[in-house]
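Feature annotations, reproduced from TrEMBL:
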{"type": "BINDING", "residues": "VAL123, VAL236, TRP521, HIS522, GLY550, PRO561, GLN562", "note": "FAD binding site"}
{"type": "DISULFID", "residues": "CYS458-CYS513", "note": "disulfide bond"}
{"type": "DOMAIN", "residues": "281-295", "note": "domain 'Glucose-methanol-choline oxidoreductase N-terminal'"}
{"type": "SIGNAL", "residues": "1-28", "note": "signal peptide"}
Amino acid sequence: MASDMDTTRALAILAATSFVAMLACVQAAGDESYTFMKDAVQSPQVSYYDYIIVGGGTAGCPLAATLSQRFRVLLLERGGSPYDDERIGNMTRFADTLSDTSPSSPAQRFVSEDGVINSRPRVLGGGSCINAGFYTRASDEYVRGLGWDLEATTAAYRWVEDVVAFQPELGPWQSALERGLMEAGIAPQNGFTFDHLGGTKVGGSIFDAEGRRHTAADLLRYARTDGIDVLLRARVAKILFNVRAGRRPVAHGVVFHDSEGQMHRAYLSNGRGNEIILSAGAMGSPQLLMLSGVGPADHLRSFGITLVLNQPAVGQGMSDNPMNAIYVPSPSPVEVSLIQVVGITEVGSYIEGASGANWGVRRSGSGGDRPHRNFGMFSPQTGQLATVPPKQRTPEAIARAAEAMSQLDDTAFRGGFILEKILGPLSTGHLELRNRNPDDNPSVTFNYFAHPEDLRRCVAGVSVIERVIRSEAFANFTYPYFSVETLLNMTAGFPVNLRPRHDNDSTSLEQFCKDTVMTIWHYHGGCQVNRVVDAEYRVIGVDALRVIDGSTFNASPGTNPQATVMMLGRYMGVKIQNERLGNEGL
């Protein structure tokens with residue numbers, strides 16, 4: 001009976017199927033060997049380009065590939081190549097990526113001031129290397145709202161999809177989720193589509209039929225080989241400006257360091273229209289603007305940073321779409337699946353799920369050591385025991401918890417989870433510097449559920465999940481003696497974040513949402529349109545500088561942003577290229 005279930009066992013089941021561990025990199029694309037890609041230690045101390053793009057991530061790669069068709073482009077990526085890291089290419093090692101806290105890890109962990117564990121990418125290809133691979137476009141309404149050209153965005157989406165997007169084949173668990181959503185009233189059934197349509201649909205995936213991941217780095221195959229240089233492990237320290245009295249500051253170069261600590265400078269070549277473009281993401285782009293002297297004056301002066309432009313909006317409007325999940329242990333075998341199905345509800349939330357029997361991967365022991373399990377960022381070793389006071393989170397306590405988990409039978413790690421995440425969100429926070437080191441994470445506060453509408457949407461979404469769990473379609477994947485309240489308590493008991501727990505989590509969905517909030521890595525803001533950049537993504541108040549990435553968003557596009565971020569890189573690359581060639585009469 002559920003009442004007799006050992007508490008440690010219940011928590012370990014949730015641990016093994018924890019959402020963010022599953023979301024780690026799985027299968028990188030092929031063995032790409034770009035002749036234009038090299039380590040920054042091999043770069044000259046001084047170089048010149050038409051465009052310098054900071055950040056080889058989800059937006060930066062398609063942007064660089066596009067601009068290279070006509071211009072000389074330098075793409076600076078602070079991380080390494082996804083093709084050199086077998087963990088990114090191996091589904092069974094997904095937990096190893098997030099649990100790696102070394103300086104060379106593809107995922108750089110941070111904890112927001114809200115107490116939610118998060119990660120930011122540090123690898124060529126960016127977030128497309130550390131996500132669940134779901135690919136879906138933004139709605140037409142979202143596109144029109146930003147003033148983007150609908151026909152041009154469609155062409156840009158297709159350019160991306162020709163390389164990285166595929167139709168997934170549903171297994172029994174995902175098929176049951178799809179039918180359960182319909183039974184729960186999330187209609188109509190839209191089948192497979194990349195489009196954002198209300199109801200239930202099967203979305204695209206950046207995993208192909210062999211389970212191989214295709215990332216934004218694959219889009220560099222579109223690049224003109226003699227028009228681009230990609231430097232890996234190139235850590236940009238700041239943007240250089242020409243500042244003259246009575247004139248607007250003009251960006252003209254960047255300073256970056258290689259992995260051996262040597263300083264390099266890259267400058268814009270002489271030529272009207274040459275620009276520096278920040279594509280370092282919602283954490284990196286506002287951070288680099290501040291480190292370069294563009295941001296709130298008092299904040300920058302407190303770190304001894306020379307002020308270039310007082311821009312109080314830099315770092316403001318930070319948002320992260322809160323995610324809450326319910327773990328559902330299964331009496332039947334389930335396939336290993338990532339996000340494939342989504343329910344786009346009328347209550348302001350999106351319902352998705354993932355399943356598998358190998359979240360708690362057994363690793364062979366070294367020498368005479370016994371095999372152990374790696375639970376990713378929610379493991380006792382790498383997560384945080386939120387239910388244990390900080391002073392009691394000793395290595396000994398963590399070791400005991402890890403040993404208890406490792407004793408569990410493999411059948412305990414069978415099941416899946418159904419999650420909800422809200423659109424928007426309406427709650428916003430801010431980002432600030434901690435120091436002047438660009439390698440360190442800035443301080444960020446997202447203020448989850450500060451806006452009451454966000455909390456209402458979460459409660460409504462969790463209610464939909466409850467209906468799916470109780471549905472006839474999902475009956476083969478639930479234990480009849482596990483009530484929804486039991487599943488809520490099980491989920492609330494696991495240390496998914498550093499926030500306090502409350503006794504009424506299973507009776508108050510509002511409290512459950514607040515206590516068990518997690519990230520789904522859709523954070524955005526910090527360089528928003530009409531606040532920090534204009535409609536063409538030019539930084540307001542300075543010349544020759546743009547920001548093109550998710551930091552410019554006021555709301556997350558669609559159910560998952562990666563398709564739109566990749567599209568934006570292509571879309572703006574084409575637009576910049578065409579406008580410039582038109583101005584030059586070509």
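Each Cβ is built from the backbone N, Cα and C atoms, and glycine gets one as well.
Separating the Cα atoms of VAL123 (FAD binding site) and CYS513 (disulfide bond) is a whole-number distance of 32 Å.
Straight-line distance linking the Cα atoms of GLY550 (FAD binding site) and CYS458 (disulfide bond), rounded to a whole number, equals 23 Å. When Cβ neighbours within 10 Å are tallied across all protein chains shown, the highest count among the binding-site residues GLY550, PRO561 belongs to GLY550. Taking only the Cα positions, the spacing between HIS522 (FAD binding site) and CYS458 (disulfide bond) is 16 angstrom. Taking the Cβ of VAL123 (FAD binding site) as centre and 10 Å as the limit, one finds 31 other Cβ atoms among all the protein chains shown. Looking at the residues that bind FAD per the record, VAL123, VAL236, TRP521, HIS522, GLY550, PRO561, GLN562, the two CA atoms farthest apart are separated by 25 Å. Model confidence over the domain 'Glucose-methanol-choline oxidoreductase N-terminal' (281-295) is summarised by a mean pLDDT of 98. There are 24 other Cβ atoms within 10 Å of the Cβ belonging to CYS513 (disulfide bond).
DSSP labels the residues of the domain 'Glucose-methanol-choline oxidoreductase N-terminal' (281-295) in these numbers: 11 helix, 2 strand, 2 coil.
Counting other C-beta atoms within 10 Å of each candidate's C-beta, the recorded positions VAL236, CYS458 are led by CYS458. Of the listed binding-site residues, namely TRP521, HIS522, the sparsest CB environment within 10 A is found at TRP521. The number of other Cβ atoms within 10 Å of the Cβ belonging to GLN562 (FAD binding site), over all protein chains shown, comes to 28.
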